[in-house]
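K.L.:
The N-linked glycosylation site annotation in Swiss-Prot covers N35. The signal peptide feature in Swiss-Prot is assigned to 1-26; the stated evidence is sequence analysis. According to Swiss-Prot, the feature topological domain 'Extracellular' maps to 27-53. Marked as transmembrane segment by Swiss-Prot on the basis of sequence analysis: 54-71.
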Amino acid sequence: MSAIFNFQSLLTVILLLICTCAYIRSLAPSLLDRNKTGLLGIFWKCARIGERKSPYVAVCCIVMAFSILFIQ
């Protein structure tokens, strides 16, 4: 089933996107800072969310990991 139609899979993909973009921006900031607007601006926005809300994103990742490991 596609991640678009399954809510838990959609949340997992969004969390992975946020974490990946924040990690890439920490390694190479100029890579994401070039595209702050437009379609590629989504990755810059995800990186900003990952940087600013990192405790909340970390808690969401832990909760999602436990739900995938133990509930499914």
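Keep in mind that glycine also has a Cβ here, set from the backbone N, Cα and C atoms.
Computed from a predicted structure; not experimentally measured.
Tell me what's around each of these sites.
P.N.:
The DSSP secondary structure for N35 (N-linked glycosylation site) is coil.
For the signal peptide (1-26), same-chain residues at least 6 beyond its ends with a Cβ under 8 Å from one of its own Cβ atoms are 32-33, 43-44, 46-47, 49-51, 54, 57, 60-61, 64, 67-68.
Taken together, the residues in the topological domain 'Extracellular' (27-53) have a mean pLDDT of 90 on the 0 to 100 scale.
Using a Cβ-Cβ cut-off under 8 Å and counting only residues 6 or more beyond its ends in the same chain, the transmembrane segment (54-71) has close neighbours at 8, 11-12, 15, 18-19, 22.
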K.L.:
Are there any residues in the same chain, six or more apart in sequence, whose C-beta is under 8 angstroms from the C-beta of N35 (N-linked glycosylation site), and if so which?
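P.N.:
In sequence order, the residues whose Cβ lies under 8 Å from that of N35 (N-linked glycosylation site) (at least 6 apart) are G41, F43, W44.
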K.L.:
Same chain only, please: residues at least 6 beyond the ends of the topological domain 'Extracellular' (27-53) with a C-beta under 8 Å from a C-beta of the stretch. Say none if there are none.
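P.N.:
Distant Cβ neighbours of the topological domain 'Extracellular' (27-53) are 17-19, 21.
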